[in-house]
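Comments concern the structure below.
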Amino acid sequence: MRTYLAHVELANPITTAAGCAGSGAELAQFFDVSRLGAVVTRSITMAPRAGRPTPRLAETPSGLLTAVGLQGPGVDAFLAAELPRLAERGARAVVSIAGGSVAEYTALARRLADAPGVTAVEVNLSCPNVADLGRVFARDPAASAEVVAAVRATMRYDVPVVAKLAPDAADIVAVARACVDGGADALALINTPLGMAIDVDTMRPALAAGTGGLSGPAVRPLAVRCLWQVHAALPGVPLVGMGGVSTGRDALELVLAGACAVAVGTALFHDPYAGLRVLRELEDLLKERGFERFADAVGLAHRPPGAAPRHRTDLEESPL
Amino acid sequence: MRTYLAHVELANPITTAAGCAGSGAELAQFFDVSRLGAVVTRSITMAPRAGRPTPRLAETPSGLLTAVGLQGPGVDAFLAAELPRLAERGARAVVSIAGGSVAEYTALARRLADAPGVTAVEVNLSCPNVADLGRVFARDPAASAEVVAAVRATMRYDVPVVAKLAPDAADIVAVARACVDGGADALALINTPLGMAIDVDTMRPALAAGTGGLSGPAVRPLAVRCLWQVHAALPGVPLVGMGGVSTGRDALELVLAGACAVAVGTALFHDPYAGLRVLRELEDLLKERGFERFADAVGLAHRPPGAAPRHRTDLEESPL
Amino acid sequence: MLTTRRVDAYHALTVVAPGIAERFRPGHFVTVAVGGPDTSMPARRAFAVHDVKPDYGGTVELVFAVRGRGTAWLAERRARDTLDIVGPLGRPFPVPRDPVGCVLAGGEYGSASLFALADTLQQRGCRVDFVLGAASADRVFGALRARRMGETTTLTTEDGSLGLRGRVTDALPAVIADARADVIYACGPMAMLRGVTAVAAEFDIPVQVSVEEAMACGYGVCMTCVLPVIDDDGVTRMVRACVEGPVFRGERVRFEDVGTIPFDALGAPGGRAQEGGAHTRNVG
Amino acid sequence: MLTTRRVDAYHALTVVAPGIAERFRPGHFVTVAVGGPDTSMPARRAFAVHDVKPDYGGTVELVFAVRGRGTAWLAERRARDTLDIVGPLGRPFPVPRDPVGCVLAGGEYGSASLFALADTLQQRGCRVDFVLGAASADRVFGALRARRMGETTTLTTEDGSLGLRGRVTDALPAVIADARADVIYACGPMAMLRGVTAVAAEFDIPVQVSVEEAMACGYGVCMTCVLPVIDDDGVTRMVRACVEGPVFRGERVRFEDVGTIPFDALGAPGGRAQEGGAHTRNVG
Ligand SMILES: Cc1cc2nc3c(=O)[nH]c(=O)nc-3n(C[C@H](O)[C@H](O)[C@H](O)COP(=O)(O)OP(=O)(O)OC[C@H]3O[C@@H](n4cnc5c(N)ncnc54)[C@H](O)[C@@H]3O)c2cc1C
Ligand SMILES: Cc1cc2nc3c(=O)[nH]c(=O)nc-3n(C[C@H](O)[C@H](O)[C@H](O)COP(=O)(O)OP(=O)(O)OC[C@H]3O[C@@H](n4cnc5c(N)ncnc54)[C@H](O)[C@@H]3O)c2cc1C
Ligand SMILES: Cc1cc2nc3c(=O)[nH]c(=O)nc-3n(C[C@H](O)[C@H](O)[C@H](O)COP(=O)(O)O)c2cc1C
Ligand SMILES: Cc1cc2nc3c(=O)[nH]c(=O)nc-3n(C[C@H](O)[C@H](O)[C@H](O)COP(=O)(O)O)c2cc1C
Ligand code: FES
Ligand code: FES
């Protein structure tokens, strides 16, 4: 089940989602992480970050709200310790980066540019833009494009740059298009939409940070919708899908919508083996359906199988 | 548990959500609908509408995707038959309106202006704007404001105009502020975010319309977040909260975030009595917590109860 | 409180529900909450009522096939579990005042709702003939009971594993002719109902069909269960299967247009109505 | 497969889990999936292992209080239901090489994890004294067993319904003094652990505390379970309770700062690090 992330070949389409697989070492206790298509790291920042106060976690119906705040060791410690360990384990490492300004993303790219073992760079655009009153990059096509262009210009030409988008944009296609125009080789969607929970006993926000990112099965319909819209508008752009995948059927749903790789995030919290299980289930489902090549399934739901009147699809963009 | 929607008093804060209570007659088979704070009608359009093809329904984890397409009788039949029946039953009727252009909303407001028994008008802004290539009004602060201003100018001064917003805006506060500046007396949030499901057996979209609106418990964290952000920015504006409410605890969560009335939608599909049950449960919870006036609970989660270090809330708008 | 048993490819589930049993008429359905209190499945599932009995104040029996997660959960219920069930819902089968000849056609689990109907019809002196079909023998529901109740009973399977090889509609004309039937009742997949309605038209006799559309509420508020039906005034409207149906006069249902909005339906797009013209009305 | 029983305010649940039983050491915890296959609760729930037994190849016993929906669901499990359980997880209690005097302090269900520890300690020749407390008598867990095992056992309740009126920390100094204890082990609510650590500091003896923080994964990947702990190099880091803990040396835990990011923690905001400066580093 080979697949391509831009020109980079992955042995299979299942990866971990950024920020959901620790340093890689935790999963490696359970299985050989080189069996995954790739391991996507947590989003690396320039400086070490302590993250947000606790509570960082609240459960919602079929979802998880988290506000970790990009806790991590900073790029230097990452390059010194985490990345080499991933390489030693034979894992393909996609490095996610996060910053508060174009300059910070650029500086991160510069550090990564010479580092061995970087299969691709994923640009986490769900970060507050310090220069824009903390407005999140991913909601602004121009700001997103600027970050992507800077990273693309800095990274080695043979390392794909993947822009990661969030569903709470007014027009996800506009952001996607801006990123591709800015030089993104692929797109990853979706990051967590902003959510919140209030504890009705303490009568205060359940998370110390107030709001948090919503992940898990609850957001899968948003992920499918974003993938569908972006694949329809930009059929040539490779998409990495994520959001609420915990079974092979879920992964197939994202593939049919347009994803050529699928990341597993929250499901790993429930089951460290979730990635391998999803992969096996996906393989079985594709076999059952008679696919010879994985690529034939990618975006298939967009191509009507002849005239099937019960499934005529008119895509006017209104929820009602 | 009296509450106020702008200057209009409601006997209690629980209403039905637009489009989730049919014509009102269906619920009236089960109980006296005048016991609800108000009945919000489906969104009324100028002409009768047949809506979208079927399948119109797909279930997702803790959510429902629907694409009904505003099927309804049109404003004339509504005024001739549905609205008078609601009045006869003693229900307070909040009339939801939907259009494809500012002119259509204005025309609807004109019809409603002289109609007896309109407690408030709710402006459903999750409609494609024909003049803007079908872009949904609610994603565009200026377009939303224009619609609200036109409706406000047309309706009788003593009938509150409620603008209903959706979470898939880049900046919900900007849309909210624009609507208030345009003359909205209150805001309702949230309408359904756009979602999608693909049937992995047919390998086609599960809904005939492709995308649909996501409702039910899965979206409650988005509703709480939107209410929280808008109440924080515009504390004087009355908010009607909705999105995934099926128990009194859920309703209280929205009230603590800032809602002075709470609408029940998808939960009615599961239980026609859901509105009354939620009301009773909410009353009990408020009593347990020692509230004497309902208004004291509205937005309470914004007001820190002294220095509670575990609950210090820093609201930077990033999901991570 | 309930009991469960397997019947070939199906599960039969009996629930004590006096309120439903009392008001039940053949053709009614119920909706069932699935997944328990912490369920991730917010939509109720609809099932035809197979039988009601006076035991324990009134019981209701459902027959169902496992299709997805909801029915899989239901299939795992055990004696004495409780079930959250709403009903009776829908428009039941209309029954003739006079003793006429009736053919009852059932496909797959659709047969389940025909036996209570047969009972009522026979009490009114009607002759009842059954035609039951399915893909294979284990999916033909109620063959024994049909043989006991019906004047004649014809079985069809697509793989020929029971009765005639073929479909219900293949066998139907001969049964109608032999029984000199005055009316047909049918319950089963949409394609079968369409075929049965065509046969009825050939014989120029009325047919009542019970349709199955995905439903979120079951009592008329959600508008998800619609199909195009020609009204008394000749106008096609998108009507709700849950309250205007599930039983319709077959010739009124525009089977070929199910899953679409026919261009001539009231409020159909194409008329300027759906384009958002402010002062137009589409009179369809 | 499991059995359940009520123990005062708690539920005890025994699961056959040979893999976990085999690797278990006192202080380990497990995580349990709740709500069944169609659950709306995606997060596992963490529970300390109370006991392991060799029966059926190895069983694990948990003791829990019903708090919310997940534990309510668990409380309804019946004999022979199956449970999805992961473990053993976390850093267990370190045990001394030499036979020393140990006071084991438990609050509420926190007592549950102390008996396996007491067993191990006694096998090594340690003296064990218990101080167990809770709000009320029915919430003191394991009093009988403590009386059987401990050199002495002191019970405290806040309402005075059992043992001394007061808190564990009120009774602790006398117990330490009388037993001439060399080390304290504690498991219970954060406030109690803080108090116990303060008492240990007064006596200048080491204390091992087992903390409880909300956890999503339990094995170190989600970063939700952190608390500020002073590292060997004197630097405060936000460390994970699930893999670096749940057992910590009490004096290393910055109890007064739990639920915050101390300004001097590595990577804390305020340092330009979190403001997004591109080339700065916060060395905390
Ligand atoms: C009036 C009526 C009577 C019925 N009577 C019976 C019966 O007697 N025996 C029986 O086995 N089945 C019957 N069905 C079909 C039954 O409701 C479905 O098999 C069941 O809802 C599937 O649920 P699931 O979770 O197992 O499957 P899933 O496919 O996982 O269902 C998921 C969702 O799809 C919806 N859905 C999609 N297609 C349909 C459809 N064609 N019909 C209903 N719901 C659909 C369900 O409501 C649910 O929300 C009836 C349906 C209706 C509308
Ligand atoms: C290492 C460890 C050991 C534990 N051992 C025991 C034990 O032996 N017996 C026992 O009764 N309880 C124990 N707990 C607490 C137990 O995990 C919670 O009571 C349980 O998760 C509550 O689940 P719920 O669905 O009933 O409650 P809810 O309050 O509905 O839980 C909802 C969510 O809150 C999270 N959560 C919030 N606060 C906490 C917290 N303080 N601790 C854990 N999760 C939290 C849960 O993980 C879950 O996601 C332990 C917790 C930890 C971390
Ligand atoms: C605890 C947690 C931490 C996350 N950290 C990051 C991160 O550092 N960078 C990033 O781009 N996305 C991060 N995400 C988002 C995930 O990568 C993923 O996009 C999202 O959770 C949806 O997928 P899922 O439903 O499978 O979890 C995080 C998500 C969670 C739950
Ligand atoms: C079937 C269905 C139809 C709806 N129709 C309308 C509508 O006509 N106008 C409107 O403003 N909102 C409509 N909504 C949105 C609801 O009013 C509500 O905002 C949303 O469903 C969230 O609440 P809930 O989770 O309680 O359903 C509809 C929702 C559903 C599920
Ligand atoms: S199922 Fe809701 S209207 Fe028919
Ligand atoms: S619970 Fe996930 S890191 Fe500790």
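Here the Cβ of each residue, glycine as well, is placed from N, Cα and C on the backbone.
Taken residue by residue with DSSP, C:THR71 (FAD binding site) is part of a helix. With a cut-off of 8 Å between CB atoms and residues at least 6 apart in sequence, the same chain places C:HIS11, C:VAL34, C:ARG45, C:PHE64, C:ALA65 near C:THR71 (FAD binding site), listed in sequence order. Feature annotation from TrEMBL assigns FAD binding site to C:GLY70, C:THR71.
In the three-state DSSP assignment, the secondary structure recorded for C:CYS225 ([2Fe-2S] cluster binding site) is coil. What TrEMBL records for C:CYS217, C:CYS222, C:CYS225, C:CYS242 is [2Fe-2S] cluster binding site.
Taken from TrEMBL, the feature domain 'FAD-binding FR-type' applies to C:1-95. For the domain 'FAD-binding FR-type' (C:1-95), the model's pLDDT averages out at 93.
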Nearest recorded site to C:GLY70 (FAD binding site) by CA-CA distance, among binding-site residues C:CYS217, C:CYS222, C:CYS225, C:CYS242:
C:CYS217
Looking only at C:CYS217, C:CYS222, which of these binding-site residues has the biggest number of Cβ atoms within 10 Å around its Cβ?
C:CYS217
Using DSSP three-state counts, the residues of the domain 'FAD-binding FR-type' (C:1-95) come to 16 helix, 39 strand, 40 coil
Residues among the binding-site residues C:THR71, C:CYS217, C:CYS242 lying close to chain B by Cβ (under 8 Å) are C:CYS217
For C:CYS225 ([2Fe-2S] cluster binding site), write down the residues of its own chain that are at least 6 apart in sequence and whose Cβ falls under 8 Å from its Cβ; none is a fine answer.
C:GLU213, C:ALA214, C:MET215, C:ALA216, C:ARG240, C:ALA241, C:CYS242
Secondary structure at C:CYS242 ([2Fe-2S] cluster binding site) (DSSP, helix/strand/coil)?
coil
Number of Cβ atoms other than its own within 10 Å, given for C:CYS242 ([2Fe-2S] cluster binding site):
27
